[in-house]
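In what follows, a single structure is set out as structure tokens and then discussed.
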Amino acid sequence: MKVNPPLAWHPAPVSAPVDLHWWLTHRGSLTRLIQDRCEHFRVEPIFQALATACIDELEVMNLRRQTRALVREVYLRCNETPVVFAHSIVRKEHLRGAWRGLSRLGNQSLGTMLFTNPLIQRTPLAFKKLKPHHPLFERACKRLQNRPADLWARRSLFILQHQPILVTEVFLPAIRRL
């Protein structure tokens, strides 16, 4: 199944604002970058349940349309301001395998876990400018006072024991002030 062009993610953040480009393309831990720029960093869990994937996640996660997977969504907060909306998805059967601890993370950072395990491999980043019709745009903006016209996001797979988790990070307007 091919993803339709409007749903496509791109290998480079072409046309991304200059002040976001560095954030988007940094391959290290986004959690660590934000922590280094904040007095108080916090992970705020907002959703975690078995749910269906977004349509543009199906192919990359090798999921059928109605298959349920574990979806985890959090805000990364800097001094209580949300700066990133993070969305991760892992196949249900992998919760008994490589990703068995994921469902118990609570307000702990997934990024810390991903970047401290040397066995985890990461695929290249993919980028997209999310518009209001994209489901992740809607969820990312749920607690924002002012909705922007669009939001930039990046995603990649983290693979442990041949089992992937897809992590998407949506950059909220406040990230530009860090």
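Just so it is clear, glycine is given a Cβ too, placed from its N, Cα and C backbone atoms.
What you see is a predicted model, and the numbers here were worked out from it, not measured in a lab.
As written in Swiss-Prot, here are the features:
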type	residues	note
BINDING	Arg72, Leu110, Glu169	substrate binding site
Neighbours of Arg72, Leu110, Glu169 excl. site residues, C-beta within 8 Å of centre, substrate: Glu73, Val74, Ala86, His87, Ser88, Gly111, Val167, Thr168
Maximum Cα-Cα separation (Å), residues Arg72, Leu110, Glu169 listed as binding substrate: 12
Tertiary neighbours of Arg72 (substrate binding site) (same chain, Cβ under 8 Å, six or more apart): Pro45, Phe47, Gln48, His87, Ser88, Ile89, Leu102, Leu105, Leu110
Three-state secondary structure, which DSSP defines for Leu110 (substrate binding site): helix
For Glu169 (substrate binding site), the number of other Cβ atoms found within 10 Å of its own Cβ: 24
All-chain count of other Cβ atoms within 10 Å of Leu110 (substrate binding site): 19
